[in-house]
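J.: Would you mind keeping the following structure in view while I ask a few things?
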Amino acid sequence: MQSTTNYLWHTDDLLGQGATASVYKARNKKSGEVVAVKVFNSASYRRPPEVQVREFEVLRRLNHQNIVKLFAVEETGGSRQKVLIMEYCSSGSLLSVLEDPENTFGLSEEEFLVVLRCVVAGMNHLRENGIVHRDIKPGNIMRLVGEEGQSIYKLSDFGAARKLDDDEKFVSVYGTEEYLHPDMYERAVLRKPQQKAFGVTVDLWSIGVTLYHAATGSLPFIPFGGPRRNKEIMYRITTEKPAGAISGTQKQENGPLEWSYSLPITCRLSMGLQNQLVPILANILEVEEDKCWGFDQFFAETSDILQRTVIHVFSLPQAVLHHVYIHAHNTIAIFLEAVYEQTNVTPKHQEYLFEGHPCVLEPSLSAQHIAHTAASSPLTLFSMSSDTPKGLAFRDPALDVPKFVPKVDLQADYSTAKGVLGAGYQALWLARVLLDGQALMLRGLHWVLEVLQDTCQQTLEVTRTALLYLSSSLGTERFSSGAGMPDVQERKEATELRTRLQTLSEILSKCSHNVTETQRSLSCLGEELLKNRDQIHEDNKSIQKIQCCLDKMHFIYKQFKKSRMRPGLSYNEEQIHKLDKVNFSHLAKRLLQVFQEECVQTYQVSLVTHGKRMRQVQRAQNHLHLIGHSVATCNSEARGAQESLNKIFDQLLLDRASEQGAEVSPQPMAPHPGPDPKDLVFHMQELCNDMKLLAFDLQDNNRLIERLHRVPSAPDV
């Protein structure tokens with residue numbers, strides 16, 4: 001045990017060890033509060049006195065939630081060594097998070113944004129106090145879990161930190177080589193003499209490497225054999241990197257350098273976030289000082305990301321979930337353009353559903369009027385694009401599975417097991433994403449069908465109403481016989497109008513029949529969707545199988561992790577170790593088999609089926625559009641015919657009225673008795689009123705039809 005005036009600790013409770021100090025978990029003697037104590041070793045005291053006290057001075061200047069707090073500086077009882085009493089972060093570091101096999105291919109989007117927010121806030125506080133850290137890396141970013149279960153990351157280890165204004169330089173070299181700025185790497189690692197001085201932007205390079213590591217699970221610059229074994233090539237990669245590139249690798253000994261301008265396909269960040277992040281990485285991983293961003297621009301661009309809100313959009317034509325990052329004060333027009341950039345669906349062809357209801361987005365309004373979305377509850381984008389659904393693009397985890405060496409090698413076996421387990425967790429993540437994608441496909445199509453069924457029903461009601469009035473009009477006795485129309489021209493016009501109305505009635509009857517057929521077809525498709533939605537619950541068993549394999553593999557992995565530090569195993573322990581390797585390999589094979597044969601194949605079949613259904617829905621929507629146009633045209637023509645009939649009847653009524661008021665000479669005997677004039681006038685007035693009502697109803701129908709069928713036809717391809 002060791003102690004200071006107020007704290008004590010056991011040397012077995014080691015949290016971390018560096019070149020100049022060790023960190024232990026300690027307790028307050030009075031309260032029992034857990035803290036971290038940093039105890040400096042003899043190497044630390046060989047440094048100049050001003051360097052020894054620098055870390056105390058730096059920490060005393062800082063007070064921020066994203067920087068590890070300094071509680072006190074005390075001395076040990078016997079040797080009177082200086083001890084820093086600091087905040088204890090119980091959940092390890094960002095490095096330990098990234099070392100977890102679950103994060104082999106990088107953090108989830110939610111956790112990455114937490115890291116970005118915390119690191120940016122902590123670095124901003126350093127800059128406000130004129131401090132340069134000089135050793136930013138995942139191992140120096142500590143993690144604790146807040147009361148609500150959220151991660152909080154804090155910058156730590158200020159042994160290399162010092163006060164430095166923006167226009168000042170320093171010449172001493174600190175840092176960890178994989179995260180070092182190339183100029184510092186050249187002098188510190190390659191030991192090449194140079195007279196360069198370094199500024200505050202060296203921290204930006206380290207931040208860039210750290211963020212890339214957090215996003216992908218791997219370092220951005222990797223020579224053949226690794227950074228520690230091939231230092232000259234490591235330096236070449238960082239200094240010869242083309243503008244805009246964010247990573248470089250050498251896959252063969254003495255092979256060419258390969259550059260990438262985007263994050264790898266295994267990265268779990270959405271394309272929406274990647275599009276925002278990649279330009280930042282490209283501009284801070286820049287070796288030339290005049291081309292590299294300064295802190296002001298870095299803070300501005302990262303803050304811009306963190307201030308954005310994410311809107312989840314599931315594109316039915318593509319069968320892909322998109323994350324659209326925009327500011328709440330942006331207009332919806334900007335949101336629609338952002339969707340276009342990711343989906344290639346132009347704003348005028350974008351139609352949205354949210355939770356089963358049509359969602360009309362007014363371009364002039366602000367984006368804060370858009371409903372709150374989540375990955376499980378996105379806006380559903382529906383357009384008449386005829387493209388084949390592409391679905392989620394991913395790399396088969398089986399391609400990243402390393403193989404065990406035949407002999408027993410505890411360190412190599414541990415590393416291999418870790419790699420295999422990482423691929424297994426990637427398969428589990430992908431299986432969940434693929435299953436969620438299938439559910440969103442089925443749910444989105446179900447909602448579209450409901451909207452189309454409503455359109456069918458309303459179109460039928462409008463069409464049948466128009467048919468009812470036309471039938472009533474055509475069945476009028478006076479109109480049918482043409483009685484009271486002595487004028488041949490008037491009789492001819494009325495007959496032609498009657499014929500036209502009969503034709504319109506036949507067209508509307510055909511439209512009604514077509515809508516009914518479409519309705520029946522959509523109902524059949526809806527029944528298929530319900531069956532498939534029930535099947536989704538069955539597919540969830542595949543994920544349970546993968547999880548079961550992973551649980552067993554993780555248990556063996558923990559045994560390997562424990563054994564790797566041992567010098568060797570007894571005979572019996574070695575036999576058990578060999579059996580564990582065999583079982584681990586069998587479990588991995590079973591896991592990947594379930595993923596490929598059940599998850600991936602089911603997803604691919606779902607994509608093909610989804611494409612066929614989308615084309616069927618597209619045909620139905622186009623058909624309804626044409627029917628709606630026909631009904632609207634028929635209503636318009638019927639209105640015109642009724643207006644013409646009204647004019648004929650109005651004129652007839654005027655003529656009859658004038659005949660009744662005039663003195664008329666006796667008429668010769670007609671071969672057949674004519675209708676009573678009073679009776680005729682009464683019927684004409686009645687018919688005229690009916691026709692006017694019909695005209696008004698047809699106008700209302702037309703307006704309703706126009707509202708129902710404002711559906712764009714398929715865009716030109």
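Each residue, glycine too, has its Cβ placed from N, Cα and C.
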J.: Using only what Swiss-Prot says about ATP binding by LEU15, GLY16, GLN17, GLY18, ALA19, THR20, ALA21, SER22, VAL23, identify which of LYS29, LYS30, LYS38 is listed for that site too.
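T.: Of the residues offered, the record points to LYS38.
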J.: Quick check on the annotations: Swiss-Prot lists region 'Leucine-zipper' for one of 144-165, 254-275, 452-473. Which range is it?
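T.: So the range that Swiss-Prot calls region 'Leucine-zipper' is 452-473.
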J.: Going by Swiss-Prot, point out which residue in THR176, THR416, THR499, THR503 is annotated as phosphothreonine.
T.: THR503
J.: With THR503 (phosphothreonine) as the reference Cα, tell me which of the binding-site residues LEU15, GLN17, ALA19, ALA21, VAL23 is the closest one.
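T.: If we rank LEU15, GLN17, ALA19, ALA21, VAL23 by Cα distance to THR503 (phosphothreonine), first place goes to LEU15.
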J.: For the recorded sites listed here, LYS30, LYS231, LYS403, which shows the highest count of neighbouring CB atoms within 10 A?
T.: LYS231
J.: Give me the Cα-Cα distance between LYS231 (SUMO1 cross-link) and LEU15 (ATP binding site), rounded to a whole Å.
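T.: Cα-Cα, rounded: 29 Å.
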J.: Using a 10 Å cut-off, grab the number of neighbouring Cβ atoms around the Cβ of ALA21 (ATP binding site), all chains included.
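T.: Other Cβ atoms found within 10 Å: 21.
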J.: Find the one among the recorded positions LYS30, ASP135, LYS403 whose C-alpha lies closest to that of ALA19 (ATP binding site).
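T.: Closest candidate to ALA19 (ATP binding site), judged by Cα separation, is ASP135.
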J.: DSSP-wise, what's the residue breakdown of the region 'Leucine-zipper' (452-473) into helix, strand and coil?
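T.: Each residue of the region 'Leucine-zipper' (452-473) counted once, the result is 22 helix, 0 strand, 0 coil.
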J.: Where the distance is taken from Cα to Cα, which of the recorded positions LYS30, ASP135, LYS403 turns out closest to LEU15 (ATP binding site)?
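T.: Comparing Cα positions, the closest of these recorded positions turns out to be ASP135.
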